[in-house]
Each structure stands twice: as C-alpha cells, then as structure tokens.
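Taken from TrEMBL, the feature transmembrane segment covers 12-36, 56-80, 86-105, 126-146, 166-182, 194-221, 241-261.
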Amino acid sequence: MTPAPAPTWGAVMTAWTVTPLTTVSMVAATLAYLILVRRLARRGQRWRRGALASWLLAMMVLVIALNSGMAVYAGSLFWVHMLVHLLLIMVVPVLLVGAAPIRLLHDASSSRGRVLVDRIVTSAPSRILTTPVFTVPLYTAVIVLTHLTGFQQAMATHMWIHDTELALYLLAGYLLFLPLIGDELTARPLPHLLRWAVLALCMGPDTFVGITLMMTDYPLAPAYAGMRPDWGPTALTDQNTAGAIMWFGGDGLMMTLMVLITRQWIATGRGGLGRWLEGIRRQATLGDTERTSVDVDDDQAALDAYNARLAALHEHDRRSRRPYSVTARDESP
C-alpha cells in the first residue's frame with residue numbers, strides 16, 4: 001500500500017482511490033436493479049420506495065468505504081480500517097437486505113423465472129448458507145481471525161489479501177443478516193425471538209475482539225505505523241482506539257438492530273417461537289383427531305378448528321352444568 005499524507009480536511013476530502021472492478025460491479029448491479037423496478041412498473045406494480053432507497057444508500061456507503069478518503073487512510077490507521085470493517089460487515093449488508101434484491105428479481109420475473117428463483121432460494125445449499133448454525137460461526141471466525149492473528153499485518157503488506165478481506169466481510173455480513181432483517185425472500189423465515197437471540201449472540205465476538213485489542217500491550221499489526229512514520233498516534237494507541245470502535249460501534253449497531261426486530265415483533269402481534277411452537281400448541285389443544293383432519297401449517301384452518309374446539313368444549317361444559325328437571329305426566333284413569 002502507498003503511504004498516505006498527514007490528514008487534513010483538504011487531504012481527507014480530496015484523497016480518493018479507484019477500484020475499477022468494484023466500481024463496474026456496483027454500476028452493473030444498480031442498473032440491473034433499476035431495470036427490474038422498471039419492469040414491475042410496466043406491469044402496473046409499484047416497488048417499495050424504501051427498498052430502492054436502501055439499495056442506493058448501500059451503494060453510496062460502499063463508495064465511501066472503498067473509494068473515499070476513508071479507504072485511503074484505512075491503510076495507515078488501524079482505527080480507520082476498523083470503521084471500514086463495520087461498514088462492510090454490518091451497515092452495507094443490512095442496507096442490501098433491506099433493498100430485497102432477491103424478492104425484486106422474483107416479482108419481476110416471468111412465471112418460469114419465479115419458479116427458478118424459488119428453487120434456488122429453497123435449495124439445500126441456500127438453506128445451509130443462510131441458517132444461523134452456519135452464519136453465526138462464520139461471522140465469529142471472520143471477526144476474530146482477521147483481528148487477533150497476524151492477518152492484519154499480512155493484509156497491510158499484500159493487496160490481494162486486503163481485497164479478499166473486504167469481500168469476505170461483505171459476504172459474511174450479508175449471509176448473517178439475510179434471514180434476520182426485513183422481509184427478503186428466504187428459504188425459511190425465522191421467528192422474531194430467534195432473530196433477536198442471534199443478534200444478541202453476535203455481540204459476543206464484537207465485545208471479545210474489542211476488549212482484547214484495547215487490553216493488548218503490544219501492536220498486533222505494526223505495519224500500520226510503518227505507513228505513517230512522520231505523523232499519527234503510536235501503534236498501540238491506534239490499536240486501542242480500533243478496539244474501542246469495534247466494541248462500542250459493533251455492539252451499538254447490533255443493539256439498534258435488536259430494537260428494530262423488537263418493534264417488528266410487537267407490530268406483528270405474534271409471540272413465541274413462530275409456527276414451530278404454535279404448531280405444537282395447536283396439536284396439544286386439538287388432539288390427535290383434529291390433527292389428522294386439519295393442516296396445522298394452514299393458519300386460517302388451524303384457527304377455525306381451534307375456535308370450533310373451544311366452542312364444543314364450552315357447549316359440553318354448559319350441558320354438564322344444566323340441572324336435571326323432572327316432568328310429571330298426567331295419567332288419566
């Protein structure tokens with residue numbers, strides 16, 4: 001990497017770098033997104049403005065992270081590099097998921113295309129790649145191994161490792177948040193309580209890495225200081241600041257998402273662990289006889305059967321409490 005000059009407002013605002021492959025990919029993806037929105041409009045269907053705004057904002061944040069002065073000084077200051085990490089593994093993925101490009105592709109496709117999208121989304125590889133059993137360990141491994149090993153030192157001296165790192169962060173974040181945020185088309189929607197728990201669990205790696213960087217008394221990546229020999233903080237101060245950003249910034253973003261999930265959970269008016277526990281509750285309430293004739297996956301059918309069962313129990317209880325009456329017959333001689 002090329003050493004950056006001492007930062008001033010003018011230097012930061014005018015220091016930009018060019019990434020041709022990334023830029024072309026972003027422009028192509030944005031054009032494809034807009035074409036699909038246009039196709040929906042021609043059919044008389046309106047795509048959500050919030051989703052379109054989320055996509056454009058994601059592209060804007062990507063430009064800031066990869067091409068602006070932040071990207072230039074990320075090679076010389078560990079704490080700036082940490083800001084780029086948070087943008088790529090959390091902010092941009094959340095915005096991309098909010099843009100719902102998979103759902104847009106599904107809705108804008110022909111009937112055959114929608115079937116193909118459904119098959120891909122519900123395929124075994126897609127289920128594996130988007131389940132928290134896979135995404136949480138992946139997120140943890142990326143956060144821990146790229147910060148608490150010699151990875152940062154190698155990344156600072158090898159550009160291809162740097163590019164791989166950025167792509168890995170974006171991919172790990174997108175896979176993690178894909179089934180957790182918004183209403184993107186996924187193989188199996190997760191209940192809100194499980195989404196909340198996954199986000200809470202992912203605060204662990206952020207806290208662990210942040211505190212470790214703050215408490216380590218030797219620089220893990222001295223190459224950062226070597227890129228700015230005449231200016232900037234010491235290597236240890238730079239590292240400690242990066243740890244604080246990871247801890248407070250990462251946990252703060254996760255807590256913000258948890259609040260959003262809680263609001264969605266309350267707005268839906270459905271508690272518990274979703275259909276799984278609801279199915280168990282209905283089976284226990286309806287009994288085996290009702291279970292054989294009612295599909296518990298059909299919400300409306302299960303609700304009707306549940307209400308009918310309650311009505312039958314109420315009628316049975318009312319009859320059992322009715323006093324017996326004795327009617328005397330008039331017997332004529």
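These residue numbers are counts, starting from 1, taken along the chain as shown.
Yeah, the Cβs are placed from backbone N, Cα and C, and that goes for glycine too.
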Who are the long-range neighbours of the transmembrane segment (166-182) in its own chain, taking Cβ under 8 Å and residues 6 or more past its ends?
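Non-local partners: 66, 84-85, 88-90, 92-94, 96-98, 100, 129-132, 134-136, 138-139, 142, 146, 188-190, 195, 198-199, 202, 257, 260-261.
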Take the transmembrane segment (12-36) and find every residue of the same chain, 6 or more past its ends, with a Cβ under 8 Å from one of its Cβ atoms.
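Those are 4-5, 47, 52, 55-56, 59, 62-63, 66-69, 71-73, 99, 101, 104-105, 108, in sequence order.
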As a test: from 56-80, 194-221, 241-261, pick the stretch that has the greatest number of Cβ pairs under 8 Å with the transmembrane segment (86-105).
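Comparing 56-80, 194-221, 241-261: 56-80 has the most Cβ pairs near the transmembrane segment (86-105).
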Six or more residues beyond either end and a Cβ under 8 Å away: which residues meet both conditions relative to the transmembrane segment (241-261)?
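Non-local partners: 78-79, 81-83, 85-86, 90-91, 94, 147, 177, 180-181, 192, 195-196, 199-200, 202-203, 206-207, 209-216, 233.
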